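What TrEMBL says about this one:
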- Thr43, Ser44, Val166: FAD binding site (BINDING)
- Tyr223, Arg278: D-dopa binding site (BINDING)
- 5-324: domain 'FAD dependent oxidoreductase' (DOMAIN)
- 1-19: signal peptide (SIGNAL)
Amino acid sequence: MAAPKVAVVGAGVIGLSTALCIAETCPSCSVMVLSDQFSPNTTSDVAAGMLIPHTYPGTPIHVQKQWFKETFTYLFAISNSAEASEAGIHLVSGWQVFKNTPKEELPFWSDVVLGFRPMSEAELQKFPQHRFGQAFTTLKCDCPPYLLWLEKRLKATGVQMYTRKVADLWELHSEYNIVVNCAGIGAHQLVGDEKLFPVRGQVLKVHAPWVKNFIRDGDGLTYIYPGIHRVTLGGTREKESWSLSPDPGATKGIFDRCCSLEPSLRGAQDIKVKVGLRPSRQCVRLQREVLSQGGVKLPVVHNYGHGAGGFSVHRGTAKEAARLVGECIAALQGSSSRAKL
């Protein structure tokens, strides 16, 4: 069979990293990325890019841990390379603080991040409203630079990128042998997934170069994540809201909550407001499916629904999606060799 043609739909962090994994593991493939939006206009561009996993109730913990570990290992190697600055990846230390001691004092990812430990009494004095905390070092991706770095890697590997609005996966069957659906929140309409819903997130990107440590309230709603050039302040989690317009009330609320954790932020300059829709469901949809119409079959691999946790597991889920693409190729080659008999 000729080199299989694979279309990856979606150009956020999931789509680009999935395309890269496919190109790396199936070098005989010809891979194209199709999306109506590329960086800086994707949901991933709004994300803070912190590697602190979100828990998916419908996915076994050992699977989530494997995805996180693979992603952490991959990004840690980049952070130790000459490409760290261009890729926007750096280590950041800080604290996750809780008003009450959580049921789970050791999260499943505690031995993947670096130097995880309970906070000391002296450290907790910085957060008088909080009674318990965890200190650790993790990785942060500055999202627009990382997406551009992924695009550059893809081009170097021979992957082509086209601006195209895909309304129905079936429209690709005459041009491609396999389609990979990384459409994020777009999958709600693209494949009619009723289990997928938006969780609207509003964040502020501010200039506050003196802030060096991350601070995250254990409820996940208030966080301060220092990047290379700007600090991300968050946030909101509004289920089923499709609005991309900034809400001035939410902006004030985010700023005030973050200043209560880090009062020096009152001096932050150049505040920009960003809004994104997290593609949320009970579990990431990572599976093979065969669409068929009139006896014609189109193998599809789905990889979407990462919600708030996309950056923490993107490389792990991309590797799994690439493995599923490999299975689709083997099945196609098997059927084409049987057809020759």
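Each residue's number is its place along the chain shown, starting with 1.
The backbone N, Cα and C atoms fix where each Cβ goes, glycine too.
When the record's FAD-binding residues Thr43, Ser44, Val166 are compared pairwise by CA position, the greatest distance found is 19 Å.
In this structure, the binding-site residues Thr43, Ser44 were compared by how many other Cβ atoms lie within 10 Å of their Cβ, and the smallest count belongs to Thr43. Long-range Cβ proximity for Val166 (FAD binding site), meaning a same-chain Cβ under 8 A and a gap of 6 or more residues, is found for Val9, Leu34, Asp36, Leu172, Ala183, Leu190.
If you take the Cα of Arg278 (D-dopa binding site) and the Cα of Thr43 (FAD binding site), they are about 7 angstrom apart, rounded to a whole number. Computed over the domain 'FAD dependent oxidoreductase' (5-324), the whole-number mean pLDDT of the model equals 96.
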